[in-house]
Amino acid sequence: MAELPVAELPATPARCSGRFTISTLLGMEEGGWGPYAPSEGAGCDSTHPTHLSGSTLCTRTFGYNTVDVVPAYEHYANSKGVGDAGKGRPSLADLHSILKVRWGSAVPPAAPASPGRATAPSPAPEPVRFGWVKGVMIRCMLNIWGVILYLRLPWITAQAGIALTWLIILMSVTVTTITGLSISAISTNGKVKSGGTYFLISRSLGPELGGSIGLIFAFANAVAVAMHTVGFAETVRDLLQEHNSLIVDPTNDIRIIGVVTVTVLLGISLAGMEWEAKAQILFFLVILVSFINYLVGTVIPATAEKQAKGFFSYRADIFAQNFVPSWRGPEGSFFGLFSIFFPSATGILAGANISGDLKDPAVAIPKGTLMAIFWTTVSYLVLSATIGACVVRDASGSLNDSVPVGSLGCEGLACGYGWNFTACAQRQSCRYGLSNYYQSMSMVSGFGPLITAGIFGATLSSALACLVSAPKVFQCLCRDQLYPLIGFFGKGYGRNSEPIRGYMLTYVIAIGFILIAELNAIAPIISNFFLCSYALINFSCFHASITNSPGWRPSFRYYSKWAALFGATVSVVIMFLLTWWAALIAFGIVIFLLGYVLYKKPDVNWGSSMQASSYNMALNYSVGLSEVDEHIKNYRPQCLVLTGPPNFRPALVDFVGTFTKNLSLMLCGNVLIGPWKQKMPESRLMADGHTKWLVKRKIKAFYTDVVAEDLRSGVQMLIQAAGLGKMRPNILVLGYKRNWLTASPQSLEDYVGILHDAFDFKYGVCLMRMKEGLNVSRVMQAHGKWFSAARDDPLAPAADPIALAGEQQASTIFQSEQGKKTIDIYWLFDDGGLTLLIPYLLGRKKRWGKCKIRVFVGGQINRMDEERKAIVSLLSKFRLGFHEVHILPDINQKPRPEHIKRFDDLIAPFRLNDGFKDEATVNEMRQGCPWKISDEEVDKNRAKSLRQVRLNEILLDYSRDAALIAITLPIGRKGRCPSSLYMAWLETLSQDLRPPVVLTRGNQENVLTFYCQ
């Protein structure tokens, strides 16, 4: 392979990016130096780099000079939208347009540092970051281990037996493991920031579900601080009671100890994450020592005192007896014990909740969470198996119950070891044994106080983990501003951005619940809140996988979307198994918070799987719709509205938006007239602003624009290309050209030509005229708005999309209640029913619901009753609900002379005055001015012209006070009706009318039917 020629580089040291040498050059044209040759010595580290498009530098890669840059991390960091250009990467214009050198943006040469000049400030200290062991695994293990490990697991083993206890443990761990796999997948699908569970769910499922879970999860963690602290306080209170050393009384002692304890924990948290981590390691070591102490105690030969309490070291027959269940009491059932044990398997989110304090969350969260689940599961299984092989279910604890081996009347395994517990076992009054004594682990262990220390470590570590998790999650939620009045707590302090305000709020909540000193009612709700989080994490993983989004690329591969769905379903089932009423409360709160966010529609875009799902559904339905044949019953008026910038013609937007909302397609079209290169940047800039303006106005419509040399060719593009599949416009809606008398003749020709084009493409046409006009751009400019003056026929350009989206909305007649007015329909010609359908759809809306709809049709004076009955019968078959029908017998009467003269004066400037010459002569005279009207055309169209004059008189007589007038649009034949004559018809027909006038003409195909198939 031939080697590429490499230009000789200056001696200045070069900077490197990856394996390519990058050199910053002075004002260099791509592929050569061009006219901007650098001075001697300028090279790779030139102090005068040329900036292109603000940030792009000319660089040397692959042996030649180019604006292109090699791949780098910085180009992809902090990018959100599809259109975001990466930092340092040249824009497309820089690469394929003419290269422009911007000397004004060059970096000035660095001045040499003088001894007297102050040095630059030192960089801020790096925040404390944790690895997967210290940050996730230990934290999760401490949060999973709790008092149930010490006080309830032996009792569960006695009730359910070792086999079913293992089944309970494995069932619980299955849910947490599936959730752990889902967390691992989500956390490795992109860079994870602070916010923990809330961040993972909200960035995956969107702000609606993420916000609701974030709020209740933070609250549940805050109350969990109180729960674990009260568990610690109760243990200390019991110790004080044993030694008759109560401070005040049992209840107040819990309050006093709890408040002091949570205050100390708050101090550890405020000291910083480093101190909090050290405290957690201390608690972890204490629990490990207590666990080793228990295992050592199981192999130490039992003393007589321990034997009296049921401990006989490892025995096969004790293991065999405890292997099967022995249900006792009201909680003696499989699911009853499962509901007691399951909360001890939770706590797997403790590491994810401090995701912002991890060195590499994508590595630490999966590895630490799954390892924590594994080791805690092993500990639970070992504990249940070992204690089930050492301790019998019933024991009296009395040394007097020792008997010779094989004594008569002695029942139970203890008889073979010289102890008779028969009496208390039959009366169910035994105080010791697995089934009766919660402190069995302490009794079996080598040194009992170490088990108490383990209980202290488990409760305090869990309380500390929750005390840290709640503010961290809440801080991220506050910064996203999904809910009002909580932004105050989002402020961070110090190098770790510690949420000190959040700590204080959590502390106050914890104190409040500690002072209640009775958490049995709130505990089930907290467990359900955690299970809600598990269900949504699993659902997030499933939903992201099922949408097939190209952005779902987790580096953690050991997950299954179906397992995630199973985990989500099981989590919901367990919620109802634990406490059905608490599950209903949890769901109620989630739905309420979800509804609030849905109502407020926060302006955030996190690329959630809900967006991907919406796209999938829209795509599948659109493709599926293409396979369905059209039917008249399913006809919908799908409108292409020539609004120009939509904010220029708000009345036209509101009119169409009223009858298409939640019903059919509305597309706002804008033609940018001018050179393509000049108008394309404006098109890209403004599209988003116009869409936001429509959203703010609550108009359900799309916006699209095209760049064209003139208005007509642009509209032709829109008519042909707008829409997708069956979701294509079938009606062209535009405003009436008020300035046709003074506008250039060519614009007049283009305007009428647009109507002809629409009919050629089998579009219906809806033309709207309002007395005050539709274009409000001049009025807005007079009030100091940001955009330039608009022209009436071309669609004027806009400037600033942010100002556009935030501008004050202009009010129109279509936004107000119409009251008990009338909607008058003049169905003069049968166009397929579109003239009837649009007013019918308008009348279904609340603002127009009180209006009475009247239908006017032409007829003969001697057949009025028959014609009226025929129309009423036809309308009743259409089921439109139009009952007031008027026959116009005088429609063909001659208009008043003054009105005829007004029409003649209107067309006089456009007449050719050819004196009825032959067609060839007329065409020659009309060369270059096709809008001119020949004498023969005036004569041939005289009857039609007079009809428009007469119709205007009828409209003024019958519909002067109507809310809206809908009338069939007259059609001018191509090549036989000049544009000026046609515009004179429209002007005459609709002039001097106060209500909005909508001239409608369908494409002569049925849009109404009275058949059911």
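Every residue, even glycine, has its Cβ placed from backbone N, Cα and C.
The stretch that TrEMBL tags with transmembrane segment, taken from the ranges 136-162, 163-189, is 163-189. Same-chain residues lying 6+ beyond the ends of the transmembrane segment (254-273) with a Cβ under 8 Å from its Cβ atoms: 128, 130, 225-226, 229-230, 232-234, 236-237, 247-248, 279, 354, 357, 460, 463-464, 467-468, 494, 496, 498, 500, 503, 507, 510-511, 514-515, 517.
Between the transmembrane segment (566-599) and the transmembrane segment (500-517), fewer than three CB pairs separated by 6 or more residues in sequence fall under 8 Å, so the two stretches do not touch. Here the transmembrane segment (334-352) lies next to the transmembrane segment (447-470) in space: the count of CB pairs under 8 Å, restricted to residues six or more apart, reaches at least 3.
With a threshold of 8 Å between CB atoms, the same-chain residues lying at least 6 positions outside the transmembrane segment (500-517) that come near it are 219, 221-223, 225-227, 229-230, 233, 251, 254-255, 258-259, 262-263, 266, 269-270, 467, 470-472, 474-475, 478, 488-489, 491, 493. Contact count against the transmembrane segment (163-189) (Cβ pairs under 8 Å) is highest for 529-546, out of 209-233, 372-392, 447-470, 529-546. With a threshold of 8 Å between CB atoms, the same-chain residues lying at least 6 positions outside the transmembrane segment (447-470) that come near it are 139, 142-143, 145-147, 149-151, 196, 218-219, 221-222, 224-225, 228-229, 231-232, 235, 239, 261-262, 265-266, 268-269, 273, 276, 279-280, 282-284, 286-287, 289-291, 293-294, 297, 347, 349-350, 353-354, 439, 441, 502-503, 506-507, 510. Note on the domain 'SLC12A transporter C-terminal' (649-785): DSSP counts are 65 helix, 28 strand, 44 coil. Long-range contacts of the transmembrane segment (372-392) within its own chain (CB-CB distance under 8 A, at least 6 residues past either end) are made by residues 136-141, 144-145, 149, 153-154, 156-158, 161-162, 165-166, 169-170, 173, 176-177, 180, 291, 294-295, 298, 310-316, 318-319, 321-323, 344-345, 348, 351, 412-414, 421, 433-434, 440-441, 444.
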